[in-house]
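I have placed the structure first, in the form of structure tokens, so that the comments after it can refer back to it.
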Amino acid sequence: MLALRLARGARPAVQLRRFLVAVASAGTGFLLLCALGFAMGHPHDSSAAALRLAWCLAPLAATVQFAVAVARTDPATRPRSGLSAIGLGPGRLMLLAAISTAVSCTLGSVVALLCVLHLRGDLSGLPFDGEASELLAGNQPLPLAATLTLLALVPLAASLASALALRPREGRPSGAGRTRRTGTRAAATEAGGSGRDAHPDAPGPPVEPHPAPRPTPTGLPWGVAVLAAGLAVETYASRSGPASGPALPGSLAGGSVGVLLGWALTTLGLAMAGPALTHLSGRLLQAMRPGALRLLAGRILMEEAGRIGRPLGVVCAVASGAYAMAALHADARPEVGPLTVLGVLLVAGCAVGTLLTAAVEAKHARADTTAALLGLGAPATLLRGAAALRAGALLAVLGPLTWAIAGLAAVPLAD
Amino acid sequence: MVAPPDNDVLWARALHVKHNGSPALSGVSLGVRVGEILAVGGPRGSGKTTLLRCLSGQLLPQQGEVWFNSTPVHTMGPHTRERLRRDRFGWIDPAPVLVPELNAWENAALPLMLRGVGRRQAKTTALEWLERLDIGGCARRRPYALLQAERQRVAIARALVPAPTVLFADEPTAPLHRVESASVLRTLTTAARSHGITVVLATHDADTAALADRKVSLLDGRRVNTVHLPPATETESEGRAACSLSA
């Protein structure tokens with residue numbers, strides 16, 4: 001109940017993030033149920049049905065990642081004095097986070113179920129002249145156990161993952177970011193209502209305001225190695241002949257298992273190298289006698305590399321995959337089904353959403369420093385300029401890299 | 001509006017401030033003379049911080065006027081006040097709020113860099129001030145590697161580096177032990193006197209207030225001559241009986 005009460009009192013931005021999680025969960029649940037419908041409609045083609053189910057893993061993973069990012073940013077899951085005074089420590093807050101994630105995801109799953117039932121014509125007549133009913137095996141009753149299992153998959157996975165991400169750890173009392181101290185209530189009260197909105201946890205417990213810097217991300221060698229291995233595997237597999245591997249959904253250019261494996265490795269490598277690349281961008285930005293703007297932008301980027309880098313790597317991986325796909329099918333437009341479009345949209349949307357949520361989380365964690373800078377009289381344009389500079393630096397470093405990797409990944413498939 | 005007397009660098013008249021309805025200041029008037037060190041005393045919750053924030057232009061009073069060098073601060077827009085704060089005022093928080101990503105000298109040089117001073121000159125000035133505050137040795141360390149007293153000295157150096165006209169120190173020695181607190185305050189007041197910086201110092205400590213030229217006391221958001229709490233009217237046993245649940 002407490003989770004629901006806390007959820008009800010949240011700000012619109014938080015509610016929007018939760019709503020997006022519910023939407024992502026609904027999309028994934030819908031895809032899973034569609035796979036079930038395909039399996040029911042084609043009882044003899046079990047391998048194709050299993051393949052469809054396997055392709056649902058990508059949206060599932062993206063949804064879970066997004067849900068975890070939203071749970072980490074959720075102000076309700078941060079330690080705060082109001083709750084710690086009544087004995088709700090980080091352990092119970094972890095539970096709260098898991099419950100609120102489960103609530104939003106279950107909401108999404110219910111919507112997915114309603115959609116499927118409606119399309120099958122179980123609720124009120126057949127929409128779309130019954131075309132969708134065929135896809136979803138509308139002539140057969142929906143098996144209860146299978147439906148429930150598939151629908152419970154997203155809420156369970158998401159709440160487990162967010163509980164794991166927010167589990168209390170030694171030396172890191174706050175899961176999502178540092179809470180504010182009384183010394184900097186300046187900015188919060190100055191702007192009246194809007195200022196308070198920006199820092200919902202104003203009276204926080206005394207937390208060390210000068211935390212030790214995060215260790216420099218060291219994933220670059222590993223990331224590059226995995227990426228290179230992925231490209232090599234892909235090239236090798238495509239050279240060994242056009243083997244008949246599992247088809248990509250929506251009759252996209254299929255490749256052998258090796259090509260797909262190579263692609264997956266490339267993606268993984270990009271995600272692993274993300275933090276180190278972000279750190280590198282920050283280091284470059286603040287090099288060579290910086291002024292206040294470059295100094296702040298670069299150092300902040302170096303500090304936030306661990307937080308932003310990984311979702312950024314995932315976004316780059318998704319973008320490179322999309323670019324490679326687009327490059328392959330530039331001339332011949334493939335028959336892309338609505339379900340494939342939905343899946344691609346889900347993965348891309350969740351990746352971008354996770355990145356944006358991580359950026360929000362980083363902003364919350366830096367609220368103290370921002371208040372201190374504003375107290376010094378730093379103009380707001382400087383802070384905005386620093387943020388824009390950070391985004392520009394990341395784009396300048398990662399954009400060409402993504403483009404190059406996408407080009408390399410598309411070469412073996414184009415043959 | 002009546003212009004304030006000329007020898008006051010800061011002048012406040014009948015300030016009324018409420019934080020979301022709860023009164024913080026009710027009718028405080030105050031004049032700060034050029035080059036003096038003014039202590040604002042009073043217990044916690046008496047409105048010291050709010051008064052300092054009104055005077056420094058961080059907070060607009062709901063009623064009342066604030067004048068700085070014969071310029072009205074209470075009618076300025078947010079950008080003008082921000083520039084005034086950047087160019088003329090210094091601020092020291094009760095606990096040092098440094099930018100954790102920058103090392104000590106970069107933190108101290110930041111106000112100068114924000115004013116557009118070149119990096120080399122800002123660095124020289126910052127290092128000079130750190131040396132003067134006895135923390136020249138840790139100029140290259142990040143805040144997390146400094147002791148709390150050293151951080152507070154960096155924060156003081158940061159406030160002094162741009163040579164502000166008025167320095168607002170909100171209980172600058174609150175988190176420090178007494179020995180450190182005395183030495184930090186001494187360096188602060190000495191530096192301010194030698195550079196002709198006006199200091200408004202909020203403190204609830206009588207020893208700290210003794211270092212100042214003049215003292216103003218606040219109690220429950222009003223200016224009083226002496227902080228003298230009325231004695232409790234009820235004895236302890238009566239109070240206990242009154243609060244008892246069974247009674």
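Note that Cβ sites are derived from N, Cα and C of the backbone, with glycine treated the same way.
Residues or ranges marked as transmembrane segment in TrEMBL: A:20-40 (among others).
Among the features that TrEMBL reports, transmembrane segment is placed at A:52-72 (among others).
The feature transmembrane segment is assigned by TrEMBL to A:93-119 (among others).
Taken from TrEMBL, the feature transmembrane segment covers A:144-166 (among others).
Under the heading region 'Disordered', TrEMBL lists A:169-219.
Per TrEMBL, compositional bias 'Pro residues' is recorded for A:202-218.
Within the same chain, residues 65, 223, 252-253, 263, 266-268, 270-275, 277-278, 344, 347-348, 351-352, 354-355, 394, 398, 401-403, 405-407, 409-410, 413-414 sit at least 6 positions outside the transmembrane segment (A:312-330) and bring their C-beta atoms closer than 8 Å to a C-beta of that stretch. What TrEMBL records for A:312-330 (among others) is transmembrane segment.
Here the transmembrane segment (A:336-358) has Cβ contacts under 8 Å with residues 17, 20, 24, 27-28, 30-31, 34, 55-56, 58-59, 62-63, 65-66, 69-70, 72-73, 249-252, 307-308, 310-312, 314-315, 318, 322 of the same chain, all six or more residues outside its ends. Annotation source TrEMBL lists transmembrane segment at A:336-358 (among others).
If you look up TrEMBL, you'll see A:393-414 (among others) marked as transmembrane segment.
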When counting Cβ pairs under 8 Å to the transmembrane segment (A:144-166), the leader among A:20-40, A:52-72, A:93-119, A:393-414: A:93-119
Distal contacts, the transmembrane segment (A:20-40) - CB-CB under 8 A, six or more residues away: 46, 48-49, 52-53, 56, 59-60, 62-63, 66-67, 70, 101, 104-109, 111-113, 115-116, 120, 135-137, 140, 142-143, 146-147, 150-151, 153-155, 158, 339, 342-343, 345-346, 349-350, 353
Contacting positions for the transmembrane segment (A:393-414) when only residues 6+ beyond its ends and CB under 8 Å are counted: 227, 231, 234-235, 237-239, 253, 255, 259, 262-263, 266, 270, 277-278, 280-282, 284-285, 297-298, 301, 312, 316, 319-321, 323-324, 327-328
